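Take a look at the structure below.
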Amino acid sequence: MSARVIDGKARAARLRQSVAHAAGKLKREHGLVPGLAVVLVGEDPASQVYVSNKVRQTQECGMRSIEHLLPEATSEAELLALVDRLNADPQVDGILVQMPLPSHIDSDRIVLAIDPAKDVDGLHPVNAGRIVLGKEGLVPCTPQGCVILAKEELGNLSGLNAVVLGRSILVGKPVALLLQNENCTVTMAHSRTRDIAALCRTADLLVAAVGRPEMVKGDWIKPGATVIDVGINRVEAPEKGPGKTKLVGDVDYEGAARVAGAITPVPGGVGPMTIACLLANTVRAACRIRGIEEPAI
Ligand SMILES: NC(=O)C1=CN([C@@H]2O[C@H](COP(=O)(O)OP(=O)(O)OC[C@H]3O[C@@H](n4cnc5c(N)ncnc54)[C@H](OP(=O)(O)O)[C@@H]3O)[C@@H](O)[C@H]2O)C=CC1
Ligand SMILES: Nc1nc(=O)c2c([nH]1)NC[C@@H]1CN(c3ccc(C(=O)N[C@@H](CCC(=O)O)C(=O)O)cc3)C=[N+]21
């Protein structure tokens, strides 16, 4: 058996089209162009690539992109002052501060300073709390992307046994809560979990977000299960030539694809969905801030 490939790149392109459509409607009917401010501190090359992708895709969807590229030496006070200015700026509907921040800046303090109504990353405790309560808020992008891809494959998730590997604030915890809100029976696993392979074999839906290259093997997977691989790990690829690298997920793709019913690839799975969901959140934030009815996305 060979698993169906869940094409995150194609699903993300469709989501961006629907964001562009919604943005067009807001412009025509309300003269509103949603704005996304992206803040990058320092010169981490991977972060620079993400930020430039976000800027390009924001503009392609007909929205305004506001970039703030700050030097590594930026102080916490300076960054807090920028966040305050963005909170107060009516042209800015969404604020994303790229993580990780340099070690001299307390990222919790920065996230707390962002107006929850503009927190398109969904990281502020107010938005995290809204997921816990099952109330409407801004949902973090990667977890939102995981649920959309799972639904794309399975339709209704109600009653499924879901296992989430990883319990980070950014990914594992919110994914588990969103899946509970979708009426899955959710088990969260982490580095202290005993017999994680046997636990994974109970999963109709398995989400892997551990940051361990190819940790999840084919024989961990229940035949026919749906596998969502969040991991993005850059590893050496000597087969491509000396010094070359490649991206792999947290799942051993070849092994898993022989057993699973459906699986997301890396790259081309959850990654592209993350940025598309960020754009969707920006449109939602722009509408909610102004009390405008949200176009369906
Ligand atoms: N596609 C995308 O857009 C994004 C992808 N990512 C990727 O997702 C992955 C996870 O990211 P993130 O959640 O931020 O990572 P963290 O390092 O913050 O969290 C990792 C989690 O995995 C658990 N874990 C680590 N090792 C093991 C193990 N051997 N067995 C079981 N559990 C383990 C940890 O457990 P414990 O709590 O016990 O320490 C922790 O809960 C990374 O590969 C990252 O690059 C992240 C963000 C966005
Ligand atoms: N405040 C904040 N919010 C984030 O959402 C955030 C962050 N900081 N810091 C870093 C992580 C990581 N992240 C990714 C986004 C897109 C891809 C993506 O598009 N990946 C492509 C491949 C990209 C490549 O080739 O390098 C794919 O999987 O197909 C990956 C990872 C968002 N993050």
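Just so you know, glycine gets a Cβ as well, placed from its N, Cα and C.
Automatic prediction, not curation, is the source of TrEMBL annotations.
Fair warning: this is a prediction, and the values are worked out from it, not measured in the lab.
The domain 'Tetrahydrofolate dehydrogenase/cyclohydrolase catalytic' annotation in TrEMBL covers 6-121. As annotated by TrEMBL, domain 'Tetrahydrofolate dehydrogenase/cyclohydrolase NAD(P)-binding' applies to 140-288. Summarising the annotation, TrEMBL assigns NADP(+) binding site to Gly166, Arg167, Ser168, Ile232.
Positions of TrEMBL features highlighted on the structure.
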| residue | record | Cβ within 10 Å |
| --- | --- | --- |
| Gly166 | NADP(+) binding site | 23 |
| Arg167 | NADP(+) binding site | 18 |
| Ser168 | NADP(+) binding site | 14 |
| Ile232 | NADP(+) binding site | 20 |
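In terms of DSSP secondary structure, the domain 'Tetrahydrofolate dehydrogenase/cyclohydrolase catalytic' (6-121) contains 62 helix, 18 strand, 36 coil. Close contacts with ligand 2, defined as a Cβ under 6 Å from any of its atoms, occur at Ile232 among the binding-site residues Gly166, Arg167, Ser168, Ile232. Residues Gly166, Arg167, Ser168, Ile232 are the ones the record ties to NADP(+), and the longest Cα gap between any two of them is 16 Å.
For the domain 'Tetrahydrofolate dehydrogenase/cyclohydrolase NAD(P)-binding' (140-288), residue counts in helix, strand and coil come to 59 helix, 30 strand, 60 coil, using DSSP.
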